[in-house]
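> Annotations for this protein, taken from Swiss-Prot, read as follows:
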type: ACT_SITE; residues: 170; note: active site, charge relay system
type: ACT_SITE; residues: 235; note: active site, charge relay system
type: ACT_SITE; residues: 264; note: active site, charge relay system
type: MOD_RES; residues: 282; note: phosphoserine
């Protein structure tokens, strides 16, 4: 998320904008697309083509594990979706909402590595205005985007809610919390989450104002699924206190992972990240 200048902060106090204005200032940094999707003549099969800016070029076997397609949201945008079959015997599929400055091309290699290590398939999507998705990134579009992804995951692949783990990272925790507050799933994982947009910009904010954006703090108590929160103690973008505050409001919290010394973008580089996910998916969920 962007740091606000002094003049922008003054403007925010004196002339409070609508939530959409806060959202666009704080949250959305879509990169130049790192991939394209090409449709065949039948209109039913899409092929992923990665640019040189993507983090990793795939082997044929790895590319065969990735299926991409487009789906339409309730707001009329077409969003790119990606299903990564990481494990033939996976019980769970992660519905993964990524961070604010990446797209599916950049994240896809991470999905392959993560899914194969925790024995889960991964379904992800690009927000409106990201990657091959049409439209513009807004808070309302975030909610419509994940709703369309959830519907596609359930109808196209026949995956039941009890086999879906809703996973959000950074700004991706916003649509994830919104969806999880409305639909029950196997579990919810919130990675470097924020409480609200105003609380990121103004750390001393104690309540949610009508012009606030991304009010996770007011929605998380509505989640009835188990919630695992992961946060770095030295997060320089979304302070560690956000993770703590959300944890305290959960109906069904599980043991959180506070990664000592980790920042905002390196939590997954610490060994305890994978260890905690493996334990949660393979052991704890069975008994919850």
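Positions of Cβ are set from backbone N, Cα and C atoms, glycine also.
Quick one: where do these features end up spatially?
In this structure, residue 170 (active site, charge relay system) is part of a helix by DSSP. Taking the Cβ of residue 170 (active site, charge relay system) as centre and 10 Å as the limit, one finds 24 other Cβ atoms among all the protein chains shown.
All protein chains included, residue 235 (active site, charge relay system) registers 22 other Cβ atoms within 10 Å of its own Cβ. In the three-state DSSP scheme, residue 235 (active site, charge relay system) falls into the coil class.
Counting Cβ atoms from all protein chains shown, residue 264 (active site, charge relay system) has 18 others lying within 10 Å of its own Cβ. According to DSSP, residue 264 (active site, charge relay system) is assigned to coil rather than to any helix or strand.
In the three-state DSSP scheme, residue 282 (phosphoserine) falls into the helix class. The 10 Å shell around the Cβ of residue 282 (phosphoserine) contains 14 further Cβ atoms across the protein chains shown.
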> Cα of residue 170 (active site, charge relay system) to Cα of residue 282 (phosphoserine): how many Å, rounded?
24
> Rounded to the nearest angstrom, how far is the Cα of residue 282 (phosphoserine) from the Cα of residue 235 (active site, charge relay system)?
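Counting only the Cα atoms, the answer is 28 Å.
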> Do me a favour and check the Cα-Cα span between residue 282 (phosphoserine) and residue 264 (active site, charge relay system); whole Å is fine.
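For residue 282 (phosphoserine) versus residue 264 (active site, charge relay system), the Cα atoms are 26 Å apart.
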